[in-house]
Amino acid sequence: MIGAGVFGHLSDSKLGRKGSLTAVCILNAIFGCLTSLAPDYFTYLLLRFLTGFSTGGVGLCCFVLATEPIGPTKRGAAGMSTFYFFSTGIALLSGIAYIFPSWRALYIASSIPSIIFLVLVVPFISESPRWYLVRGKMNEAMKIMRTIAKSNGQYLPDGVILALDDESNDASNDNRSCKEPISGSLLDVIRSPITRIRLFLTVGINFTCSVVYYGLSLNVVNLETNLYLNVLLNAVAEMPAFTITALMLDKFGRKPLAIGTQWFSAIFCFMGSLVGNVGMWKVIRMFCGILGIFGMAGTYNLLFIYTAELFPTVVRNAALGCATQAAQMGAILAPFVVVWGGGLPFLVFGVCGLIGGMLAYYLPETLNKPLYDTMTGMEEGETA
């Protein structure tokens, strides 16, 4: 939770998206491996805290870095496709945990992917051209845009330049290679009436969604079925949710799907609260949980795309980091709901899904809308 806020701010400011991603991967690998050597419980707690701190920045840095250069017509499908790897990781984790029953060996095994990613992937990733643009680094932004154009079989003429959305109609805007960087923070988000309401709504939705998503994942301990199999089924159930959401995202829009997927999950959670946990009812309750995960997985990952589109580049990672912090708070509270046992956790998850869908109703639609770069540009564009 703390890491999401810290690295959300750093990736919007001096470190950038790629710099923050590199930092969190290095820290994740180091702290994860050191955890396996923890000599006592206090050291273990400290290293788990530090690992969580670094891990908190991985998802949001990767997502924003992957989706910022993409146009509005392909952004939904591209954004949803990134989460297949997340679910694949969870599915593989159930197998890795089965192979390495020792927690010390498991921490080493689960830290190795960060090292592989640093060596084989990070060197070939480009910084976001939008981040370069708001930081005033015009040459670097244009270089990346030319590389993107070349990879698509296109060519950018020499006279073409990039401009911020609040500069696009400015006749005095010239072809300077370096401009003053534009900065932003959560205070700017809260000061603006437009983004303030969006922030509060996305924080609330991320919180309720996370309680359901992580709660259903942890609730497998109450189902009295095979733990490894149940974790695997939950992970596999997420994948078709991504596909269906991606196919429907550009047809129906972000807002209807955010409402529909949460209420879909809520329906099956309410059903799970009504059935017993004996005999055949165990299997029925397990499938209610799987379908609940199915619906909420679509919401959980849709929220990344939706939140990123609701805020301008200059504060995008900070706002997404704040929403992620709310999600982590929900993840913290989820185990306290799970320990109640019986049908009560399902009832709480159903209520959270219902409330989350109601909050999403008050968000604006962002389908085919531009990604704004500055607060001024967004205010002008939204009020035009």
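Along the chain as shown, residues are numbered 1 onward.
Even glycines carry a Cβ here, placed using N, Cα and C.
Taken from TrEMBL, the feature domain 'Major facilitator superfamily (MFS) profile' covers 1-368. Summarising the annotation, TrEMBL assigns transmembrane segment to 21-39, 45-66, 78-100, 106-125, 197-216, 228-249, 256-278, 284-306, 344-363.
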For this session: Determine which residues of the chain contact the transmembrane segment (21-39) at the Cβ level, with the cut-off under 8 Å and only residues 6 or more beyond its ends counted.
Result: 3, 7, 10-11, 15, 47-48, 50-51, 53-58, 61-62, 65, 103-105, 107-108, 110-112, 114-115, 117-118, 122, 125
Exercise. So, do the transmembrane segment (197-216) and the transmembrane segment (45-66) meet, by the test of 3 or more Cβ pairs under 8 Å (sequence gap 6 or more)?
Worked result: no
Exercise. Over the domain 'Major facilitator superfamily (MFS) profile' (1-368), what is the model's mean pLDDT?
Worked result: 84
Problem set entry | Long-range neighbours of the transmembrane segment (45-66), counting only residues six or more past its ends (CB under 8 A) | 1-8, 10-11, 17-18, 20-21, 23-25, 27-28, 31-32, 34-35, 38, 78-79, 82, 86, 125, 127-128, 304, 308, 316-317, 320-321, 324, 328
Problem set entry | Touch test for the transmembrane segment (344-363) and the transmembrane segment (256-278), at least 3 Cβ pairs under 8 Å | yes
For this session: Give residue numbers and ranges for long-range contacts of the transmembrane segment (284-306): same chain, 6 or more residues beyond its ends, CB-CB under 8 A.
Result: 59-60, 63, 67, 75-76, 79-80, 83, 86-87, 202, 205-206, 209-210, 212-213, 216-217, 219-220, 223, 225, 230, 233-234, 237-238, 240-242, 244-245, 249, 254, 257-258, 261-266, 268-269, 271-272, 275-277, 320, 323, 327, 346, 349, 353, 356, 363, 366
Problem set entry | Long-range Cβ neighbours of the transmembrane segment (78-100) (under 8 Å; 6 or more residues past either end) | 59, 62-63, 66-67, 70, 106, 109-110, 113, 228, 231-232, 234-236, 238-239, 242, 245-246, 249, 297, 301-302, 304-305, 308
Seminar exercise, completed: Outside the transmembrane segment (256-278), at least 6 residues beyond either end, the same-chain residues with a Cβ under 8 Å of its Cβ set are 205, 208-209, 212, 216, 222-224, 241, 245, 248-249, 284-285, 288-289, 291-296, 298-299, 302-303, 306, 342-347, 349-354, 356-357, 360-361, 363
